[in-house]
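K.L.:
Among the features that TrEMBL reports, FMN binding site is placed at P23, T25, A56, Q98, R224, N292, D294, G315, R316. Annotation comment: TrEMBL describes 3-330 as domain 'NADH:flavin oxidoreductase/NADH oxidase N-terminal'.
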Amino acid sequence: MPSLFDPIRFGAFTAKNRIWMAPLTRGRATRDHVPTEIMAEYYAQRASAGLIISEATGISQEGLGWPYAPGIWSDAQVEAWLPITQAVHDAGGLIFAQLWHMGRMVPSNVSGMQPVAPSASQAPGLGHTYDGKKPYDVARALRLDEIPRLLDDYEKAARHALKAGFDGVQIHAANGYLIDEFIRDSTNHRHDEYGGAVENRIRLLKDVTERVIATIGKERTAVRLSPNGEIQGTVDSHPEQVFIPAAKMLSDLDIAFLGMREGAVDGTFGKTDQPKLSPEIRKVFKPPLVLNQDYTFETAQAALDSGVADAISFGRPFIGNPDLPRRFFEKAPLTKDVIETWYTQTPKGYTDYPLLGD
Ligand SMILES: Cc1cc2nc3c(=O)[nH]c(=O)nc-3n(C[C@H](O)[C@H](O)[C@H](O)COP(=O)(O)O)c2cc1C
């Protein structure tokens, strides 16, 4: 069985190890969602990851509702991403852009418009806005005649990602955002060909993935799912009935890899008693499977040893430890990330975590 330090082939690439950086929203772009210089330093510091998956990046104004998160729909955004992807490549790394449409989680205070979702609904809790945390807006149902425009937005974002120097993209279909809201039955009450039966609920995921593949190639196209447990009010009553067919469909499309965040009863990012589906998904999904959430060096290696995963992505450990692979290799202690600076707009808690030997 491979070690976490062994290379792995995926799509058009070979990653130098199986310790990947999970997508992490950090809010260091401008208010207009243009990336900033400091993001080049941050990502280059983490280029020893086998693959960096970027923070979720808006495909359109409509789809982006996180203050100071980056987008990739405008030429100015593409320009500003270029030095960041260049810095990662100069440091010997690979980087995919995570493409994001937040669906009903977009506060109108950030996007300037009413959010869209599969069905009219309001997410529970409070969203981050430019005026502090506020209740989510009531989203309107996306009309059938708007889906071609949505697919065009994904196409443009994928094309822009390559223009901006990214090696590929990961379609964000997890965590209660638009595509996940279509997949799961808590948020999809449609009666057209995008609602009801399983094949209908996974149709948007299929359409988007096919469009991105047609634009940049299957070897540069990845997907992220979060099959088990509720997140941000989105949950499925029978996850295995929808996510196993979804994974099979993605395997048939031969995407570069599938990332999955899986909750657990004792999870610290998603807590749930719905069982993990990775063992079942492994049976139907042939390309590399990259698992995430609450992994340590030991449990990550155990997941590779059991054959359930081909690589593991680490989120919070990569915030506090830019040199995470080296720390794992040397069995060095890890620095704990500071929650208070996850989403602030300064270098503090962003680019100032120490490297081993500092
Ligand atoms: C600060 C922060 C930002 C995050 N942003 C994203 C994101 O942009 N896209 C995404 O898919 N997941 C995001 N996540 C989830 C992480 O990718 C990951 O699933 C989570 O941290 C659990 O993995 P870990 O236990 O290795 O930290 C975020 C998590 C944190 C803590």
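The backbone N, Cα and C atoms fix where each Cβ goes, glycine too.
Nobody curates TrEMBL annotations by hand; they come from automatic prediction.
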K.L.:
Averaged across the domain 'NADH:flavin oxidoreductase/NADH oxidase N-terminal' (3-330), what pLDDT does the model get? Just tell me the whole number, please.
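P.N.:
98, rounded to a whole number.
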K.L.:
Name, in the order they occur in the sequence, the residues of the same chain whose CB lies under 8 A from the CB of R316 (FMN binding site) and which sit 6 or more residues away.
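P.N.:
When sequence neighbours closer than 6 are ignored, R316 (FMN binding site) has F269, D337 within Cβ distance under 8 Å.
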K.L.:
According to DSSP, which kind of secondary structure is R316 (FMN binding site) found in, if we only use helix, strand and coil?
P.N.:
helix
K.L.:
10 Å Cβ neighbour count around P23 (FMN binding site)?
P.N.:
24
K.L.:
Just jot down the residues in the same chain as D294 (FMN binding site), at least 6 apart in sequence, with C-beta under 8 A of its C-beta; none if empty.
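P.N.:
The answer is A264, D266, G267, T268, F269.
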K.L.:
Going along the chain, which residues six or more apart from R224 (FMN binding site) have their CB under 8 A from its CB?
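P.N.:
In sequence order, the residues whose Cβ lies under 8 Å from that of R224 (FMN binding site) (at least 6 apart) are P23, I53, Q98, Q170, I171, H172, A173, A174, L258, G259, M260, R261.
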K.L.:
Where the record says P23, T25, A56, Q98, R224, N292, D294, G315, R316 bind FMN, what is the longest distance in Å from one Cα to another among those residues?
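P.N.:
About 20 Å separates the two most distant Cα atoms.
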K.L.:
I want to verify one value. Collapsing DSSP to three states, which class is A56 (FMN binding site)?
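P.N.:
DSSP assigns A56 (FMN binding site) to strand.
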